[in-house]
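Colleague: First the structure, then my questions, so here it is.
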């Protein structure tokens, strides 16, 4: 008998993968968690029925949400990651030699615990001494810390359940206060094929708060529509003005200095979504 996992990406769209084995299923205080071993994408993390990351393509998302803002900033030392309990973003942040401290604010300890056990290639850096793990509400943490971080990475789930508050103007304004005078925020902002209205709304909120707001893209095969957007707000540095020849070569599988520059060249329909008044 064949076992398949199907994600309902939209009322008219589903995505299925063939499963070898169910490794863990857990009802946490916040969500339903499952880690499955699939034939095509290796082990996959699923939260509330939505695929979050896979061993085969996770590097695209994690490299792009991290290296674009960190190489835009001139000297990132303190980095806050909100969400991201699988540890992939932490792993990528620690490839930057300037980083002295990473705070991971994850509301659900079960994500961290199960990722450490079942997703070791993704969670491999969570025990690094530079990492501080804060189990709790990332919004509350941001509101309690002012002028403390160089980069804030919003590595959230989709805008449902515990992540809803991470897609609001109040939150983005609180992050502004949490950042230092040359700080940068980057947030994953969903698929332009599915969440066009949400992307436009977020773009407007960022533009009201951050002097420099830019959008960039990457291709993540297991995410809805495969094309994924990220929105960056910066107090000082323009990511498109980075001298790509000065970006040091680090060990990556997707990100390169050339990709850094190319990611800001948006398809017209995506640019229209971000620019619509």
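Every residue number used here counts from 1 along the chain in the order it is shown.
From the backbone N, Cα and C atoms, a Cβ is placed for every residue, glycine too.
Pasting the relevant annotations from Swiss-Prot:
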- 2-235: domain 'PABS' (DOMAIN)
- 31, 106, 137, 138, 162: S-methyl-5'-thioadenosine binding site (BINDING)
- 62, 86, 155, 156, 157, 158: spermidine binding site (BINDING)
- 155: active site, proton acceptor (ACT_SITE)
Colleague: Determine, using Cα-Cα distances only, which of these binding-site residues is closest to residue 62 (spermidine binding site): 31, 137, 138.
Modeller: 138
Colleague: Which number gives the other C-beta atoms within 10 angstroms of the C-beta of residue 155 (spermidine binding site), all protein chains shown included?
Modeller: 27
Colleague: How would DSSP class residue 86 (spermidine binding site) in three states?
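Modeller: The residue in question, residue 86 (spermidine binding site), is coil (DSSP, three-state).
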Colleague: Starting from the Cα of residue 86 (spermidine binding site), work out which of the binding-site residues (31, 137, 138) are within 10 Å.
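Modeller: Correct set: empty; none qualify.
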Colleague: Looking at the binding-site residues 86, 106, 137, which sits with the largest number of other Cβ atoms within 10 Å of its Cβ?
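Modeller: Selected residue: 86.
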Colleague: Take the C-alpha atoms of residue 138 (S-methyl-5'-thioadenosine binding site) and residue 156 (spermidine binding site) and report the distance between them in angstrom, rounded.
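Modeller: Roughly 10 Å, rounded to the nearest whole number.
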Colleague: Using the alpha carbons only, what distance in Å do you get between residue 31 (S-methyl-5'-thioadenosine binding site) and residue 156 (spermidine binding site) once rounded?
Modeller: 14
